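Visitor: Here it is, the structure in full.
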């Protein structure tokens, strides 16, 4: 059985599934040789013209640069530098619209040419056989070369992935896209440089076989390559014209019958594929030292007066090429397509710049390429599935992409779609399937990047949390170790812990204060007991307001004790902090303490000896105020006695309806009333005698105020006596309000009157105190 390499050398070819045969229309632009386009007035250079990351800027606005001078630098293998296509001045660094299906804007360097074409210093390496593969890869990377067939993957990175494992090197010269002839004309005119580029790549990868795959619709290019590759160990294989045979996986299938595994790359199966445009750029970079600053662009379509291929400087606005090469827009449907009719996209405007992956500008008329705006519903014919070269299910992919069910799209291997457009070409409903796939891929890519960013943020947070916990544990261990070391050191020195010593000192000071606190507790308890007794007595006697005199005394006692404790604490603190105080200060402090103790003992004795019948404001009362209060109380007692006498005299005048009244009950009630009156008079006499024993609480009371208060009290007493006399004269004229009056009711009324008299006396006393305070 022949090996794979032997089968390839024998001329055997295979085929891939699906595929179509669209109208090629390549003859418009391949009959003219390549010419140089003029230098435009402005060059717009996007920082990112490849798959990967943009390089770091090396220039600023206002700098003058030379032709071939690096404008950015790379710091990773997925970065590529860009170079100045001509000499001039950097006029701006700003976002501009770039070649993208969505018309996105990216950061660009705007260069104003000076038309001098002054070159930067070049470093050619014509004897590349003496250089190592690593050195050659570095030179290729420095030249900024990427895949020029349309993908734009960094060439050096791709070659690096195939080091030491590439068995077959495949040169992609198929150029299957209709209208595009850039590679065809390049092979005709620069076949020698293409072969040089192949030899450089062979020196890097050292493959067992190199095979060039080219479609049979390029006979002139085949002849040029055969002539340039004479006596070279290369196989030039002409393959049938079929779209998309120029796809990497499809060309591998045709030439080797091998399939790239899902999610893998050709290097995984020992293969490496390179485009002829990339190889020509490699030869210029190594042999001549020129970086990638220009490329071949096909200008085709019926809107061009003379379609052809041109060398266009990178960054040249499309409008400059249109103006130079006779473009005349269609009046009803002006369109500019970057790329071919199958895989290209419509430009938003003509100021988009030429980049490393821009191989064609197609300007068709409305009759040449019809618009695809007439989308209709899918009729489920299945032609898209038959035409798919990757054996996908375009119909179901479109359904899920339209419904934004991107997880289903991934399950159906949407990422394997090469966006060749074969499905859309055969669709009778004119559904733009590729547009749905591109949008779905972009959304999936965006979500994937967001998920990766979230995972990175989560990992950073967890690492930070673990680090903080670790630092906290280390700090605690350090503190514990330091405390342990201190403790051991003090034990070794025969001392004790300073903190423990401080605690002991505080406890000792507290113990010194406790006896004083305990000595005053009995006095407080006695005062509380007296206050509770007076409250109980007031409740039994029916008083409406409780006697709070004892509580006032208790509050004063607590304040005094707090002041004494504060003074004692200050004395103890001063004694502990100033050990060198003299004997005089100590004697003075002791005398003050003894005086305060005697004063407290005297106050406790006085509060204990004070009678329980004292009025609520007896501690603060003035002797004159007490006399006034006694006079008021006597007047009210006389008034109450008169009312009782009237109430006992009324039963005799009652109507005949009270025949059941008992004379004995009336006599008993009268006796009770007289006894209560005598008791009230006795209490008044005692209260008048008490002022001499009361301790005045205010030494600054004004005698004039007391005299005024006494006069007011006498006036009120006279008014009360007059009212009593008038009320005593009216009973004979009064009409009894109740025919069933009972002597018991009269007694109850007398008791109520006495209670009201006592309440009025208390209120008048409190009012006098309030006026005195004011």
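Cβ atoms are placed via backbone N, Cα and C, with glycine included.
Okay, so Swiss-Prot annotates it like this:
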- 368-398: domain '4Fe-4S ferredoxin-type 1' (DOMAIN)
- 378, 381, 384, 427: [4Fe-4S] cluster 1 binding site (BINDING)
- 408-437: domain '4Fe-4S ferredoxin-type 2' (DOMAIN)
- 459-496: region 'Disordered' (REGION)
- 533-545: compositional bias 'Low complexity' (COMPBIAS)
- 533-774: region 'Disordered' (REGION)
- 605-618: compositional bias 'Low complexity' (COMPBIAS)
Visitor: Where does residue 384 ([4Fe-4S] cluster 1 binding site) sit by DSSP, helix, strand or coil?
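Guide: The residue in question, residue 384 ([4Fe-4S] cluster 1 binding site), is helix (DSSP, three-state).
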Visitor: Cβ under 8 Å, sequence separation of at least 6 from the ends of the domain '4Fe-4S ferredoxin-type 2' (408-437): give me the contacting residues as numbers and ranges.
Guide: 18-20, 22, 101, 243-244, 247, 249, 262, 342-343, 372, 374-379, 381, 383-390, 392-394, 396-398, 400-402, 444
Visitor: Over the domain '4Fe-4S ferredoxin-type 2' (408-437), what is the model's mean pLDDT?
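Guide: The answer is 93, the mean pLDDT of the model over that range.
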Visitor: Around the C-beta of residue 427 ([4Fe-4S] cluster 1 binding site), how many further C-beta atoms are within 10 angstroms, looking at every protein chain?
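Guide: Summing over all protein chains shown, residue 427 ([4Fe-4S] cluster 1 binding site) has 23 other Cβ atoms within 10 Å.
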Visitor: Taking the Cβ of residue 381 ([4Fe-4S] cluster 1 binding site) as the centre, count every other Cβ atom within 10 Å, in any protein chain shown.
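Guide: Result for residue 381 ([4Fe-4S] cluster 1 binding site): 13 other Cβ atoms within 10 Å.
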Visitor: Using a 10 Å cut-off on CB atoms, tell me which of the binding-site residues 378, 384 is the least crowded.
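Guide: With the binding-site residues 378, 384, fewest surrounding Cβ atoms within 10 Å: 378.
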Visitor: Just give the helix, strand and coil counts over the region 'Disordered' (459-496), going by DSSP.
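Guide: So the counts come to 34 helix, 0 strand, 4 coil.
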Visitor: Same chain, not part of 378, 381, 384, 427: whose C-beta falls within 8 angstroms of the C-beta centre of the [4Fe-4S] cluster 1 site? Give them in sequence order.
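Guide: Checked against the 8 Å cutoff, the neighbours are 379, 380, 382, 383, 394, 395, 423, 426, 428, 429, 431, 433.
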